[in-house]
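Reading through the structure tokens given below for one structure.
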Amino acid sequence: MRAKDIRERKERDDPVTMLTAYDAPTAEIVDSVGVDMVLVGDSIGNLRLGYESTLPVTLEQIESATAAVARAVDDAMVIADMPFLSFGADEDEAVENCGRMLKDADADAVKLESGPHTVDLTRRLTQIGVPVQAHLGLTPQHENEIGLFRQGTDQSAAREMIDLAHKHERAGAFSLVLEHIPANVAAQVTEAIDIPTIGIGAGPNCDGQVLTVDEVIGLTESVAPFSKAFGDVRGEMTDAIEGYVEAVESGEFPAEDHSHHEDGVDDIY
Ligand code: KIV
Ligand code: NA
């Protein structure tokens, strides 16, 4: 799946599906089901690495997870989510860091939490051949400014969002994630631009949807109000692990079936 294929989906009015993945086995399942884009999100920080936010996530952590995901994916587009401070300070360094995700980790594209400061970077990356997915609305890397779910959208923020959406489209972004914004604003942004919008907590009128895979499968206990668990993997894991502990404690496991014998290895006593 390439940037061009994703762009064309909007013309055909064909909804785009996107999910996160952080490891090879999960990515393999996500890809085999036919999800269009697999995002190696910096949400790995909260969901898999035990941090309270995405800010401590390093480029090396995203690179290693992206490489694992890319090894497991055949069809979907693999997108590396650029972590806090891997872009935004120095443009040359940002270009190097983004390029590394394609060159060394085999990503197909990068995602940048976007703002006025990412327009030129998006243009430069696209010109070089690094497809960029933009991200507006709630941008968790800014949580220290205002608090995570307090990033509200007032009328002027909505206007600025449409302006930034246009600017990133013109700079070459191939799609735009809209996180936690009013549904009517998301619908207007979607109407205003020709690249697909991918919503999360942004209502039903986007061109596609994204969620974290840990919420979808029910692995994490903390599911955001706009998200939805479609399974109970946490329950299944708990049952399996409890079953193992009980079987070991009761002496039921390992049974003869799970034991190993070799001819010629005789008892010593
Ligand atoms: O890191 C992440 O998982 C994300 C998506 C929720 C868009 O940025
Ligand atoms: Na992210």
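If you go along the chain as it appears here, the first residue is 1 and each next one adds 1.
Cβ coordinates are placed from backbone N, Cα and C, and glycine is handled just like the others.
Note: TrEMBL annotation is automatic and uncurated.
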Of the candidates ASP13, ASP74, ASP81, the one that TrEMBL places in the Mg(2+) site of ASP42, GLU113: ASP81
Integer Å distance between the CA atoms belonging to LYS111 (3-methyl-2-oxobutanoate binding site) and GLU179 (active site, proton acceptor): 13
Entry from the recorded positions list ASP42, GLU179 having the most other CB atoms no farther than 10 A: ASP42
Assigned element (helix, strand, coil) containing GLU179 (active site, proton acceptor), judged by DSSP: strand
Length of the line joining the Cα atoms of ASP42 (Mg(2+) binding site) and LYS111 (3-methyl-2-oxobutanoate binding site), in Å: 10
